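Here you go, one structure.
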Amino acid sequence: MIDVDVTDTGTIIGNIKPHQFLEPPPILVPPEGGKIANGDDDNYYGMAMAVDNDNNDNIIDEAIDEEDALRTIEKLLGDDLPSRIEAATKLPMIAKALGPQRTREELLPFLSDSVDDEDEVLEEIASSLGKLIPFVGGKGHASVLLQPLELLLAVEENVVREKASTSAIAISQQMNDDDYQTKFIAMISRLATKEWSTARISACGLIPVAFSKMTNNPHMQLEHVTYFANLCRDDAPMVRRIASRNLGSLLNTVVVTIGPSSLSEGGLVWDILLNLYESLAGGDQPDSVRLHTTQNCVVLGQTMTLIKEQVLSSSSSNTSHEGGEALLRINMIVKRILPLIVATIDDRSWRVRWTAASKFASVVHAFSSLDGTMDALVSAYEKLLQDPEAEVRTAATFNLSEVAKTEAVVYPAGWTGVGGEGVGDVDSDSRRIPVALRLVKRVIQLTEDDSENVRVALAVVATNLAPVLGKDATIKTLLPAMLLLLRDSTSEVRLNIISSLSMLNEVIGAELLIESLLPAILDLAEDSKWRVRLAVIDRMPLLAKQLGTVIFSDRLLSLCVGWLGDDISSIREAAAKNLKELTALLGSEWAVQNLLPRVQEVMENQSYLRRMNAVQAMSLMATVMDESTAQWEILPVLLEMHCDPVPNVRFNVAKGLGLVGPLLNSSMYECQIVPILTLLIEDADPDVRYFAKQSIDLLTAFFESSNLD
C-alpha cells in the first residue's frame, strides 16, 4: 500500500502572498517519486482504495482531511472576507495536516505576515493560536506561537488584542520555566517599551499575570514593576486608563508573590505601587482613569485583609515581631489609601461618583476588618445617598442593604468620638452603634426623594434591613418607611415592596405585617391601571407563601376570585392561572374547601364572560389536583356547564375536558367525557364543534398510547 502525505503546502504558504488566490494547488503528491496518472485525484483515490480493501475507510478519511486543509488554506489566501474568517477558525485543522515542523516553519511565519488582514480575520487567528500547542510539537515548542501573537498584541483593534492576550496567557501556562522567563517575559518587556501605544496597552494586562512567575528574581520583578509604573505615567491617556484598570491586580499579585515584606519601606508596594494609586486618582487624570480608583482600592483592601488574617493566624514566637511590623505597615497603607476612596465621593465627574456608589458595598466589606476605616467610609456612603445626581443616589441606594450588613460598629451621625463633647470621655466607644442602625435613619429621607428611580431602588432593598435590625428596631424605624413606600405615587415602588415582604414577615410576624400593610395591598389590587392589578396578581402566590394559609384565605382569597370578573380580559386570564398556582401551592384539600365554592358562584353569574373564566379556572385547577379530587370535585361541575346557552362557555367546557381527561382512567373517560364531547361535536356553533373535535382527538390518542404502554 502506498503511504500518502499532504501536498507541499509549504510552497503554497511560502510563495503566495496574503489574499492571493491559490491557482491551482498541487494536491496529494505521493512520496518516493510516485506519480498520479494524469493528475487525476479521483483516480488516485480509487487506486489507493484498491490496494488494501481492509483500510478503505481510513484512507478516505485521511484524504478528505488533507483536502479540507488545502481548501481551508485557499480560503485563507482568498479575497472573500467570510471565507477567510471561516478559514481562520480552522487553523488547528491546517496545522494538523501540515505536521508540527511545517507548522512551525511555514504556517506561523505566514500568519505573522498576515497581520494586515481585516480585524474579523485577525480576531479568529488570535483565538485559534491559543489552540495550536498540540500541533507545533507540544509544550516544548509552545513559545514559537508567541511570534505572531506579539504582532497581534500591537494591532489597532481592541478585540483582537484581547483575544491575542487571552491566547498568550493560555500558552504561557503550558511553557516550561526557561521558555517562560526568556520568551514570554521578554515579549512583555518589548511590548512595554514599544513606540506603538497599542503594544503598551497589551503590556498593561500581561505584566500582572507574568509577575507571579518572576520568583527568586528581584531584579526582574523590579524591572517589570518599573515598566508598569512608566505605563501608568504614559503620555497616552488610553494607556494610563488600561494601566489603572490593572493596578489593583498587580498589587495583589505582588503581595501574594513576595509576601508581607513587599509592604515595608523600600518594598515594591510602599515605594512604587502606592504612589501609582495616588497618581492615578489625582484630579489631573481623565475621568476614564479615575473611574478605576474605587475597584483598585477594593482589591487593596481585600489584599490587606488577607495579609492581616495570615499574620494573626500565625502564632509562632519567631514571627511575632515580623507580624507586628506587618500589621503596622497595613495600618499605614490604609491611612494612605482611605483619603483616595473618600475623594471619589466628591469627584467632579458624576461617572466617577456613580462608579464609587455602585461598588461601595464591596469597598465596605473589603475594609470592614481593617482598623480606623468604617467611620470614614459610612460617612462617605451617606454623602453618596445625598448626591446631586439621581443616578448616583440610585446606585448608592441599591447597595444599602449590603453596606448595612457589615458587622462593624460606628459612631452615630455627627459624632466622631474626638473633640467637643467627646473630649475626656473614656467611654466614647460605648456610643458606637451597628452600621444598619445608623443607615436606617436615611431610609425615611430616601422615601421622599424626588427621583422615582431612587424610590424604586429603595423598595427593592429596604426590607433586607429587617433581619439586620431585629424586630424592635424594624417596627420602630423601618416599618414607617415601608408604609410610606406602599403609599408612593409610583406603582413600581409599591409592587417592589409587596414582592419583598418575606423579610419583614420573618422578623415582625404576619399579623403585624397584615395589620400595617394590607390596606396598601388592597389599594394596589383595585388600582385603575390594569397593568398594576396584573402585577399584583402575579405576586399573590408569593404573598400566600409569606403570609400563610389562614391569613391569606381570610384576607386576600376573595380578591383572587373577584379578579375573574374584571373588565380586562388579560386580568381575567391571569386570575384563572393564579387560582391554579394557589391550588398547587396550598393543596387540593385547601382548594376544595376555599376556592371551589367561590368559583362555582361565579359560574352562576349572568355575565357569560365571568362564567367562561370560571370554567377556565376550574379546568386549570384540575391539572394540579390529584386524580380523585379532579374526578369527583371538578369534572361534575364542568359537565354541567356543557349546556350553557352561550357558545363561548360551551367551547371552553370542551377545551377544559381536554385538560381534565388525561387525569382520569380510561373507564371514567369513556363513561363521563366521551358522551358530552360527542354531544358538543354536533353543536350548532362551529367553534364548539371545532374544540370538541380537537379535545376528543387528543384524548383518544392519549388513551390509545397509554394502552400500548
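Note: Cβ is positioned from N, Cα and C throughout, glycine not excepted.
Residues or ranges marked as domain 'Phosphatase 2A Regulatory Subunit A helical' in TrEMBL: 328-521. The repeat 'HEAT' annotation in TrEMBL covers 337-369, 439-477, 478-516, 517-555, 556-594, 595-631, 634-670, 673-709.
Locate each feature and note its surroundings.
Secondary structure counts, DSSP: the repeat 'HEAT' (337-369) has 26 helix, 0 strand, 7 coil.
When pLDDT values are averaged over the repeat 'HEAT' (439-477), the model yields 92.
Sequence-distant contacts of the repeat 'HEAT' (478-516) (same chain, six or more residues past either end, CB-CB distance under 8 Å): 440, 443-444, 446-448, 452, 455-456, 458-460, 462-467, 469-471, 524, 527, 529, 531-532, 535-536, 539, 542-543, 545-548, 551, 555.
Break the repeat 'HEAT' (517-555) down by DSSP state and the numbers are 33 helix, 0 strand, 6 coil.
Sequence-remote contacts of a segment are chain residues at least 6 beyond its ends whose Cβ falls under 8 Å from one of its Cβ atoms, and for the repeat 'HEAT' (556-594) they are 521-522, 525, 530, 533-534, 537-538, 540-541, 543-545, 547, 549, 602, 605, 607, 609-610, 613-614, 616-617, 620-621, 623-626, 629, 633.
A Cβ distance under 8 Å defines the sequence-distant neighbours of the repeat 'HEAT' (634-670), meaning residues of its chain 6+ beyond its ends; these are 596, 600, 603, 608, 611-612, 615-616, 618-623, 625, 627, 676-677, 679-680, 683, 685, 687-688, 690-692, 694-695, 698-699, 702-703, 706-707.
Within its own chain, the repeat 'HEAT' (673-709) is flanked in space by residues 635, 639, 642, 647-648, 650-655, 657-658, 660-662, 664, 666, which lie at least six positions past its ends and keep a Cβ under 8 Å from the stretch.
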When the repeat 'HEAT' (556-594) is classified with DSSP, how many of its residues are helical, how many are strand and how many are coil?
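Per-class counts: 34 helix, 0 strand, 5 coil.
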With DSSP, how much of the repeat 'HEAT' (595-631) is helix, how much strand and how much coil, in residues?
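Split into helix, strand and coil, the repeat 'HEAT' (595-631) gives 29 helix, 0 strand, 8 coil.
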